[in-house]
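Read through the structure below, which is laid out as structure tokens, and then see the notes.
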Amino acid sequence: MTDLTDTRAEVRSARTSARKAGRTGAALAPYLQAAPMALVFLIFFVLPLAATIAVSFWQYTQYSIEPAFTAQNYGDVFYGCLANLPSLCTTFLTYISTLKFCLIVWATTLTIGFTIAYFLAFHVRTLKVQVICFLLCTIPFWTSIVIRMISWIPLLGRNGLVNQTLMGMGVIDSPLEGLLYSDFAVILALTHLYTLFMVVPIFNSLMRIDRSLIEAARDAGASDLQTLRHVIVPLAKPGILIGSIFVVTVVMGDFLTIGIMGGQQIASVGKVIQTQMQFLQFPLAAANAVILLAAVLAAVWALLRLVDIRKEL
Amino acid sequence: MTKMTTTRRSVLRGAAALAGTAAFPAPFVHAQERVTLRYLSTAVNQSPAIAEKASEDLGIDIEYIAVNTDEVPRRVITQPNSFDLVDSEYFSLPNLVPSGNMKGMDASRIERIDQLASVIAEGTVEGEKVGWDGTAPHEVLYLEGQDATSFASSPTEWITLIPTTYNADTLGIRPDLIDKEITSWASLLDPDFAGKTSILNIPSIGIMDAAMALEARGDITYGDKGNMTREEIDATIAALIEAKRAGQFRAFWSNFQESVNLMASGEVVIQSMWSPAVTAVRTQGIPCVYQPLQEGYRAWASGFGLPRTIEGRKEDAAYEFINWFLSGWAGAHLSKQGYYPAVLDTAREYMEPYEWAYWYEGEAAEQDIMAPDGRLLEEAGAKRDGGSYWERMGSVACWNAVMDENQYMVRKWNEFIAA
């Protein structure tokens, strides 16, 4: 008897430990599955970011950077920002200019992007045509961003296609100078480059709207505009938000488009960083990058406050 | 272009050669291996023809590492073991030498050291002193010792950079779109050309273009345009902001091609330019003149330097290549693109008399002038803008520079862009 109970107990305990081992294995699995991505993030995102933050506190000369812990670089970024009020310092002016582009480009890409997505989702009837139209939208992405941007130059220039056409039609007597190397050119190019970032997520949201909701709205006597405002737009919010995050973050950090289309005469935070790198002022550039990152994160945080994205998805 | 990195095979071959020397310690066994020199510079200075010819003449392979103007000093400072030979601008030297990453070159190993152009070696042309504002090459040409981190005030045995190319920059204009005579840098700020001018987007050079214009207009008299005081920087930037607000500038250009496009498209009718860029506009059939101005030129010079880490056969090969570079073929090749070489006499030997007359003596071309690649540059009868070598280099007013107040200048430049 005793032998038997012992054996049973042994079997039971063996089973429990086996189950325990199995459970630890099962508990480990998701971590292992997430490990490759986590590793990639660690090496290519967390480490460089940590290095940037560390270097932003270092000291530098024209030819060297030295480990240190000084807030001097941050002081330099905001040089004259408080002392010279009410006139604005370079950093504030630069951020205001960047924010201005952000707002305008956000508005234009949202308007155009929503319209395109709406058309694709509600007016194109078959899935096949929808897919074809959608692929058509992505064709510009087959060439590089720089080429898409530079191709505006011969169009908008003083002797460009637009000016020649307008003058040929007798609409204007002398060429419009403001078409190229101006705020207008920057906004046009940014809108052209980033509208698709709005179209894709909004289209996705619109496709998920239950069509019976729209029918119900119509049955309840809502006009098209009322349906749009009270049914479609609220349901498209997650898409609008995701698109907005894309556009805002990209425009905040942009310096190539603003540089080329603005004739290098319009300030952007990226350009300030580039100029500082040019002169080997790495710690100062790093401090600027950290502040830019904080500004972008703040913008994303503000956007997320508007829509509870987890709930909506 | 030659290969970009050391291949696995060359490493293996090197290892085999080493093993060979260990097994049979004969003195010349390893000397058969070809040496590859990694040549760091901007793409403009990297002619495939020169690499090919050097490989043929010397048995040394040249592996070009092409980066942009800013990246050259950055690479020297941050990755000094990633190249064997650097072709850097002289104005970067006040940053490069104190970093301790450069190795002084032994003057006794440079065969034609006494024949270097006087404008580089002494800052003179035919005995006459040229303008020394900015980082004049002769001021940063010598080191106190091979490992010194400061410059010598008088000639020594240790050289920082052996010149490769240099030139004198001025304003390029579109004579078909300008109905005035342009004689002064002040025209850059002439309200008649509002919205049709451009300057360089490299702050340290752009500010000197502006200084040339402001001094010409009589606004500011500079102590040294290439090494401004804070007050001078403030005044210059204030004037630039005023001009920008009045819409004087169409755009700033950052690279060769941008300057060509601005000019060729007619967006800009007057701007600071590089000589080969003017040629590039002209080869498109668009009139463009490299206008000599009464205040003189803003000059630049570039040269070969060695990294601190170079030694042994690589170092020998580097000296061999530099000596070959000064022996004429390369100098002639560069001259036919409008640059000037370190040693004039040897370059002359490799040029036709009519080519020499056109490029150096300011004479009208007896025959059509061809580029080294066979393209037509100028038809017979044309003259080089600015005249002879001695007229052009003799009229240098200042040199590209990095200022002592560099950090302050960069801050103020960003202020100008944001204004």
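Numbers here mean position along the shown chain, with the first residue as 1.
In case you wondered, yes, glycine gets a Cβ from its N, Cα and C as well.
The following features are taken from TrEMBL:
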- A:37-57: transmembrane segment (TRANSMEM)
- A:77-97: transmembrane segment (TRANSMEM)
- A:95-303: domain 'ABC transmembrane type-1' (DOMAIN)
- A:103-124: transmembrane segment (TRANSMEM)
- A:131-153: transmembrane segment (TRANSMEM)
- A:184-203: transmembrane segment (TRANSMEM)
- A:239-262: transmembrane segment (TRANSMEM)
- A:282-304: transmembrane segment (TRANSMEM)
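Counted over residue pairs separated by six or more positions, the transmembrane segment (A:184-203) shares fewer than 3 Cβ pairs under 8 angstroms with the transmembrane segment (A:77-97), which leaves the two as not touching. The stretch from A:37-57, A:103-124, A:131-153, A:282-304 that makes the most Cβ contacts under 8 Å with the transmembrane segment (A:77-97) is A:282-304. Beyond the ends of the transmembrane segment (A:239-262), by six or more residues, the same chain brings 98, 101-102, 105-106, 109-110, 113-114, 117, 145-146, 149-150, 152, 180-183, 185-186, 188-190, 193-194, 197-206, 233, 268-271, 273-274, 292, 295-296, 299-300, 303-304, 306-307, 309 to within a C-beta distance below 8 angstroms of the stretch. Spatially, the transmembrane segment (A:282-304) is adjacent to the transmembrane segment (A:37-57); three or more Cβ-Cβ distances between them are under 8 Å for residues at least 6 apart in sequence.
Panel annotation: around the transmembrane segment (A:131-153), residues 116, 120, 124, 160, 180, 185, 188-189, 192-193, 196, 199, 203, 256-257, 260-261 of the same chain, lying at least six beyond its termini, place a Cβ under 8 Å from a Cβ of the stretch. Remote same-chain residues near the transmembrane segment (A:103-124) are listed as 130, 133-134, 137, 187, 190-191, 194-199, 202-203, 206-207, 209, 232, 236, 239-240, 243-244, 247-248, 251 (criterion: CB distance under 8 Å, separation of at least six residues from the stretch ends).
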